[in-house]
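Just below is one structure, and these are the notes that go with it.
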Amino acid sequence: MTASLERRESASLWGRFCDWITSTENRLYIGWFGVLMIPTLLTATSVFIIAFIAAPPVDIDGIREPVSGSLLYGNNIISGAIIPTSAAIGLHFYPIWEAASVDEWLYNGGPYELIVLHFLLGVACYMGREWELSFRLGMRPWIAVAYSAPVAAAAAVFLIYPIGQGSFSDGMPLGISGTFNFMIVFQAEHNILMHPFHMLGVAGVFGGSLFSAMHGSLVTSSLIRETTENESANAGYKFGQEEETYNIVAAHGYFGRLIFQYASFNNSRSLHFFLAAWPVVGIWFTALGISTMAFNLNGFNFNQSVVDSQGRVINTWADIINRANLGMEVMHERNAHNFPLDLASVEAPSVKA
């Protein structure tokens, strides 16, 4: 009888825990994805802050030339970064217990791998938590689908690209100038500006910003006034009201006359689907582009495409970009390579006696 009561009590304890985890009445929804999300994101954030402040220099290129990234080792907010794991480690899983000492782990850039892997797991769980909360509330799942775009982009630069290049040392550093360095080196080695998927991503981000500004300004400019001229239009509304706060017909009429009739949406669902889909699809394509360039399927190469009747090259912008790429590649890892890989890969002319 005692065992039966204990079992029933423990079952109810587990049941109460499950109810609390999945309750939509909590101020912040936890969910089963949150059970994994919270510790992983807390770990990634804590280690990032500590390492950004105090981590010793990291031998990123594996050539015994450590690079400083933390504030206590001479950096500021702009130049500071979490330096990627050493090329000597490559793609090996490198937790603290795999190193001979904590000093060795820090020297080889162990914190970068720890932060990145916990962060990716955490943001993936955040996406799952968005779906889970939508499901509990009877909503459709598109919020999580939209969030998949930045998750895919993060996975591309922190995981897929290092896998394709063979080392976590090629991942994006976790800092401002480190991000710019990653972008410059990526352009030098993969010609990303000439990749159509990157072009689609640029159109998605800039187009999304434009459409967001247009939509917000149109809505704000076509509010249905519920107040007199002597008080703010904002005073005529309450949060969560069922009635529409703006006149979409007026906004449609304005924009249709500003551009032309069919450039404007007169259906709210179509409009908001477009506003969500445009940047999301663009960022999906960018993530896909990074993931293909990770395996060296690079941007278009139009170098020396135009020649005159004598066979002399007439430079185009493609050749100017190529020269810039070579210059950037020369400066990258300057002590690890004697000259750019593009030049090193050219077959030497045969010398006959």
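Every residue, even glycine, has its Cβ placed from backbone N, Cα and C.
Here's what Swiss-Prot has on this protein:
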MOD_RES   THR2  phosphothreonine
TRANSMEM  29-46  transmembrane segment
BINDING   HIS118  chlorophyll a ChlzD1 binding site
TRANSMEM  118-133  transmembrane segment
BINDING   TYR126  pheophytin a binding site
TRANSMEM  142-156  transmembrane segment
SITE      TYR161  site 'Tyrosine radical intermediate'
BINDING   ASP170, GLU189, HIS332, GLU333, ASP342, ALA344  [CaMn4O5] cluster binding site
TRANSMEM  197-218  transmembrane segment
BINDING   HIS198  chlorophyll a PD1 binding site
BINDING   HIS215, SER264, PHE265  quinone binding site
BINDING   HIS215, HIS272  Fe cation binding site
TRANSMEM  274-288  transmembrane segment
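Mapped onto this structure are the features recorded in Swiss-Prot.
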| residue | record | DSSP (3 states) |
| --- | --- | --- |
| TYR126 | pheophytin a binding site | helix |
| TYR161 | site 'Tyrosine radical intermediate' | helix |
| GLU189 | [CaMn4O5] cluster binding site | helix |
| HIS198 | chlorophyll a PD1 binding site | helix |
| HIS215 | quinone binding site | helix |
| SER264 | quinone binding site | coil |
| HIS272 | Fe cation binding site | helix |
| HIS332 | [CaMn4O5] cluster binding site | coil |
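Counted over residue pairs separated by six or more positions, the transmembrane segment (197-218) shares fewer than 3 Cβ pairs under 8 angstroms with the transmembrane segment (142-156), which leaves the two as not touching.
The list of residues near the transmembrane segment (118-133) in space but at least 6 beyond its ends in sequence, with Cβ under 8 angstroms from a Cβ of it, reads 24, 29, 31-34, 36-37, 40-41, 43-44, 47, 139, 141, 143-144, 147-148, 150-151, 154-155, 158-159. Residues 119-120, 123-124, 126-128, 130-131, 134, 276, 279-281, 283-284, 286-288, 290-291, 294 of the same chain lie 6+ residues outside the transmembrane segment (142-156) yet bring a C-beta within less than 8 angstroms of a C-beta in it.
With a 10 A radius on its CB, GLU333 ([CaMn4O5] cluster binding site) counts 15 other CB atoms from all the protein chains. Neighbouring residues of the recorded quinone site, listed in sequence order and excluding HIS215, SER264, PHE265, comprise MET214, LEU218, ALA251, HIS252, PHE255, ASN266, LEU271, PHE274 (Cβ within 8 Å of the Cβ centroid). Ranking the binding-site residues HIS198, HIS272, HIS332 by C-beta neighbours within 10 Å puts HIS198 at the top.
Cα separation, TYR161 (site 'Tyrosine radical intermediate') to ASP170 ([CaMn4O5] cluster binding site), rounded: 7 Å.
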